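Remarks on the structure that follows.
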Amino acid sequence: MSTQSTSPSGDAKFNVCRFLRLPQLCSTCVAFSLVADMGTLRGAIGNWSMSFWCVCFAMTFLIALVECCRHPSSFPFFWYNISVTYACYAALICLSASIIYSITYVQFMPYGPNWDRAIAATAFSCIASVLYVIEVAGMRAWYELKEIFFYVHTVRALLKVLETFVAGVIFAFLSNTSLYLHQPALEWCVAVYSICFILAAVVLLLGLAEWEYMLPGPFSIFQLVLSLLSVLLYISALVLWPLYQFSEGFGGQPQRSSGGDCRDELTYDMCAWDQRLAVAVLTAVNLLVYVADLGYWAGQVSVGTEDQPRDS
C-alpha cells in the first residue's frame, strides 16, 4: 500500500538537529577519540570498536548535513524511513561496541590513564546508543509527519533489522578465516549466514521502497516461505558450527584452555576460541529471531492480513 508524505514543520527539523544530531555526533566522536588516543595499546578490539563509532559519526554527520541543507518539503517519505532505519542500526552498533569492548578488553586492563579512557569511551558509546533509541521512538512526534508510514516501526521491519544486524556481527567475527576455511561443514555455515543475510536485506529494502506489494503473488506467502527457508538453514548452522568447533571427535576444541592464544589477561585481540563461541551464541540468537519472524508471518497468512500504515 503506497502512502504520501506531507512536509514536516521547519521547527521540527531544527529541533532534531539541535537536540539529537549534535549529541549523537559528540558522543560517537568522543568515544572514537578516547580510544584513538591510546595509540598501539588499543589493540585490535579497540580498532574494531573505533570503526563502528566512526561509521556512526560519519553517517550521522551526512544525515544532519542533508537535513540542514535541504528544505523539508523536498524530502520524500522514503528519506524519513531510511533515516529511522539507520538510527535503529546505529543504536544496535553502539550498544554492541560497548558490550564487546568492555567484556573482551576493558575488564582485563590495569588501572591507569588508559583504563579511564576506555571506561569513558564505553560510557559515551552507551550514551550514543540511548540517543539513537530516542530518535527511533520519537521520530514521528518530532517531525509531525502526516500520512507517512514508518516501515521500521512495524514488527516485520524490526525483525529484519535484528536479523541483518546479528548477521553483520557474525561476519565481523568470521573475518578470521582460520575459523572455517578448508572445513566444508563450517564453510556451509558461512554460506548459510550469507544467504539468509542477503534475503533479509532484500526484503528490508523492498519494504523501505514500498515495492513489496508489486510482487506477482501475495507478499505474506513470499515472506512465509523465505522465513521457513531461513529457519531451516539456521538450524543446520546451529548444529554444525558447535559440533565442528567444540567436539573433539570432529576436530574441535571443547575447552577454552585448549586454545593456545586464550589467556585470562589483557590481550590485543579476541582469541579464536572466544570467536567460535561468539558465533555459536549469535547463531542461536538469530535463529530465535527467525523463528519469531516465521511465527509472525504464519499468523499473517492464517488471518489473511499484513501490517498496514498506522494513523498518525
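A Cβ is built for glycine as well, from the same backbone N, Cα and C atoms used for every other residue.
Automated prediction, rather than curation, is the source of TrEMBL annotations.
Remember, it's a predicted structure, so these values are computed and weren't measured experimentally.
Per TrEMBL, the features are:
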DOMAIN    12-144  domain 'MARVEL'
DOMAIN    151-302  domain 'MARVEL'
TRANSMEM  48-66  transmembrane segment
TRANSMEM  78-106  transmembrane segment
TRANSMEM  118-137  transmembrane segment
TRANSMEM  149-173  transmembrane segment
TRANSMEM  185-209  transmembrane segment
TRANSMEM  221-244  transmembrane segment
TRANSMEM  277-298  transmembrane segment
Worksheet entry | Highest-contact recorded stretch vs the transmembrane segment (277-298), from 78-106, 149-173, 185-209, CB pairs under 8 Å | 149-173
Worksheet item: So what's near the transmembrane segment (221-244) in sequence-distant terms, Cβ-Cβ under 8 Å and 6+ beyond its ends?
Response: 156, 163, 183, 185-186, 188-189, 192-193, 195-196, 199-200, 203, 215, 250-252, 276, 279-280, 283-284, 286-287, 290-291, 293-294, 297-298, 300-301
Worksheet item: So which residues does the transmembrane segment (185-209) touch in its own chain, when a touch means Cβ under 8 Å and the partner is 6 or more beyond its ends?
Response: 78, 81-82, 85, 151-152, 156-157, 160-161, 163-164, 167-168, 170-171, 174, 179, 215, 223, 226, 229-230, 233-234, 236-237, 240-241, 243-245, 250, 283, 286, 290
Item to complete: Give the residue counts of the domain 'MARVEL' (12-144) per reduced DSSP state, in the order helix, strand, coil.
Response: 121 helix, 0 strand, 12 coil
